[in-house]
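First the structure, in the form of structure tokens, and then the observations on it.
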């Protein structure tokens, strides 16, 4: 059984990690241990590089806390141009997989507040009245009328980031 350290305690992210690992390695093939670690970037990262740096930092910090694991996984959400997205970073001590998620264009009324220094999650909670929306369906669920959720979009990115770990051509 793979010991997987999730560098987050966010339920939407943990669900995506678990589903993706079980899709690739088989149901019941992994045990997820969530840990809260620092990203080393602002609460609301801007741009692809800052967001990816946050995910990489979280993986490194999780690895230092739990060096005995088989995999360390981080999902860092950010804002790039007029959209929200995330970076997924997965490390197994030998190689790393990284993938960027799909992007969701955000309306100006939301972006204006985020650009003024507020984080997307709290802005969306105020807009929708849903407490801790970032730990649930997120802006993605709201603006896709529930057709997608944070977790479903993250799931795809985790699957992509896992590609180097089960395809020999990457080695």
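Going from the start of the chain as shown, residues are counted 1 onward.
Glycine is no exception: its Cβ is also placed from the backbone N, Cα and C atoms.
Database features (Swiss-Prot):
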- 8, 9, 10, 11, 12, 13: substrate binding site (BINDING)
- 38, 68: Mg(2+) binding site (BINDING)
Q) When you measure from the Cβ of residue 13 (substrate binding site), how many other Cβ atoms are you left with inside 10 Å? A) 27
Q. So how many other Cβ atoms are close to residue 68 (Mg(2+) binding site), meaning within 10 Å of its Cβ?
A. 7
Q) Near residue 12 (substrate binding site), which residues of its chain come within a Cβ-Cβ distance under 8 Å, counting only those 6 or more away in sequence? A) 134, 135, 136, 137, 138, 149, 150, 151, 154
(Q) Just to verify: the residue among 8, 9, 10 with the fewest other Cβ atoms within 10 Å, which of the binding-site residues is it? (A) 9
Q: Using residue 68 (Mg(2+) binding site) as the reference point, find which of the binding-site residues 9, 10, 11, 13 has the shortest Cα-to-Cα distance to it.
A: 9
(Q) Measuring Cα to Cα, how many Å separate residue 9 (substrate binding site) from residue 38 (Mg(2+) binding site)? (A) 12
